[in-house]
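Visitor: Feature list, courtesy of TrEMBL:
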REPEAT    8-46  repeat 'HEAT'
REPEAT    86-124  repeat 'HEAT'
REPEAT    291-329  repeat 'HEAT'
REPEAT    330-368  repeat 'HEAT'
REPEAT    369-407  repeat 'HEAT'
REPEAT    408-446  repeat 'HEAT'
REPEAT    447-485  repeat 'HEAT'
REPEAT    526-562  repeat 'HEAT'
REPEAT    568-602  repeat 'HEAT'
Amino acid sequence: MSDGDVYPLAILIDELKHDDVAVRVAAMKRLSTVALALGEERTRDELVPFLLDVAKEDEDEILTVLGEQLGQFSDYVGGPEYLYVLLDVLANLAVSEEPIVRDTAIKSLGDVAVAVPPAHLIQHFVPLIMDLVQSDWFSSRIAAASLFPVTVECLLNSTSHDSEIFKQLFQTFGTLVSDEAPMVRRAAGTSFPAIIKAMPADSLSGLGVIAMYKRLSEDEQDSVKLLAVDVSIALAEASPALFVPVIVEPVFGLLDNRSWRVKYQAADRFSSLAKAISLKPEEAEKHHDKILHLFVSLTNDPEAEVRTAIAKQVVDYVGELSQEELINQVVPCLENLTNDVSESVRESLAGNIAGVSPILGKRDTVEYLLPIFLQMLRDEHSEVRLRIISSLDVINEVIGVDKLGESLLPAISDLAKDKQWRVLLAVIEYSPLLAKQLGVDFFDQELIPLVITWLWDPVWAIRDAAAVNLLNLADVFGIEWLESEIVPKLVNFHHVGQGYLARFTALLAIKKICHRLTIPTLVDIVLPLIIDLSDDPVPNVRFNCATTFGIIISKIGGDHKDLCADDLMPILQKLSEDEDVDVRFYASKALKDVHEAQPQLA
């Protein structure tokens with residue numbers, strides 16, 4: 001063996017003994033390079049055993065990188081036929097008490113399971129899981145529980161699986177569901193839905209899953225019991241005829257649990273649970289009233305987190321109810337949630353309530369929901385107002401523009417002056433849609449003063465959004481509207497004050513829109529203002545003038561060569577020699593852009 005053959009591994013060993021963690025991490029990230037230099041056989045015989053020692057004693061940061069690297073190591077050990085040599089190293093990482101190390105190793109073990117030949121699953125992978133399950137360390141049993149879904153799926157995809165293996169695996173998994181350590185039961189409960197989805201529905205009943213499910217749903221630990229929510233849904237979807245009757249009572253117990261954490265998890269998946277039960281029509285009909293009663297009860301739950309969760313479920317659930325049930329039972333719940341003392345509850349409802357409108361229909365939306373929308377538009381919490389504004393398009397589709405304008409426009413006008421800049425920003429972003437809905441006459445009469453006012457808002461984000469908004473409105477109403485209604489107001493900015501901000505804001509807005517304006521408007525209305533501002537005492541104004549000149553000259557140079565050459569280019573040249581470095585930079589850039597767009601002016 002030559003020195004060159006030993007060198008890569010020796011360097012790696014030295015670097016992994018370095019005191020600086022960063023050096024060791026960097027060395028571990030080069031693991032594939034070392035393996036490539038060693039070759040496949042020496043990687044299996046020398047590097048992997050060395051890494052097994054590293055996996056037993058190094059720091060978490062290094063072990064996490066090791067776990068990531070080994071998941072991509074197939075080519076370096078000789079392909080799928082030799083991936084089993086990595087199992088011991090990854091198993092050591094998978095039993096770490098540090099979650100990030102454990103999770104990374106489990107993911108890589110999953111990648112290995114997918115890649116290995118089917119025979120190796122039974123020969124190497126299943127025994128690995130059995131060893132982990134029988135370990136005294138809870139972290140080993142957590143790793144085993146996490147590996148069950150990918151193992152089951154890979155065995156099913158292989159051509160050589162047999163029922164005895166599955167019986168053995170599920171019997172072993174059942175011990176994890178009943179494990180004395182809550183952390184292990186949690187890991188098993190988390191893996192359970194994926195296992196159910198992987199298995200053929202007709203084989204589940206003989207594998208003890210019902211007993212496991214009932215143990216999970218009755219667990220004394222809230223953090224374990226709440227996992228039964230997703231298991232309930234998975235079982236119902238796997239075989240409605242077989243499992244819906246099994247899950248009904250446990251689901252009701254989860255929705256009406258003494259623990260708010262369990263109840264929160266169930267409320268957060270309420271519509272999915274209701275749909276799971278409805279997969280068997282006779283069960284859905286039998287328990288319809290009970291499910292509705294639980295929904296109403298959850299909206300009045302003493303815990304704000306539970307009320308927040310159920311408020312998010314409103315739209316997905318109420319579509320299955322009759323109009324009478326909606327009006328008599330659901331609408332009063334919505335009214336109560338609108339007045340909830342918790343901001344998070346009202347915020348949750350505001351993000352979802354608009355979706356009830358298409359379900360309720362135009363007449364009943366106007367009668368029952370519009371008062372709720374109006375109240376939420378005036379809510380003291382800005383996020384509530386923001387979410388309702390963002391949903392106005394849904395409401396408009398149901399009740400129509402006339403009713404929207406008549407009922408909600410006063411509230412929207414108030415919001416357009418809101419002190420919370422994020423709310424104001426939402427109104428600005430929504431205004432093009434509102435413009436499309438209201439039409440040009442109504443918009444000009446009611447909202448155009450607000451559109452102009454936003455341009456001079458003290459918050460930069462609002463001013464910038466308001467300038468961009470002008471282009472969006474032009475897409476709705478056309479360039480002629482932009483030139484007749486907006487440009488004159490920008491040019492005559494003195495009505496808002498003589499200060500720097502007024503000049504600067506007017507200039508920025510013009511710069512945003514000038515590429516869309518017609519040449520006559522640019523020449524006759526816009527250019528006189530830009531020429532006037534080019535001598536402004538404030539450098540920020542001057543360099544924005546330079547940029548605007550560049551845009552305008554590039555556009556009009558072909559039709560107005562003399563104007564550009566005799567009047568505008570000298571101003572731009574003068575700005576390129578300005579005393580301020582920023583003005584010189586932007587003016588020089590504008591000159592370059594003009595020369596490229598209009599070579600005859602060079």
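Just so you know, glycine gets a Cβ as well, placed from its N, Cα and C.
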Visitor: I'd like to know the mean pLDDT over the repeat 'HEAT' (408-446).
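Guide: The answer is 77, the mean pLDDT of the model over that range.
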Visitor: In terms of Cβ proximity under 8 Å, which residues at least six beyond the ends of the repeat 'HEAT' (408-446) contact it?
Guide: 370, 373-374, 377-378, 382, 385-386, 389-390, 392-393, 395-396, 401, 453-454, 457, 459, 461-462, 465-466, 469, 472-473, 475-477, 481, 485
Visitor: In terms of Cβ proximity under 8 Å, which residues at least six beyond the ends of the repeat 'HEAT' (568-602) contact it?
Guide: 527, 531, 534, 539-540, 542-547, 549-550, 552-554, 557-558, 561
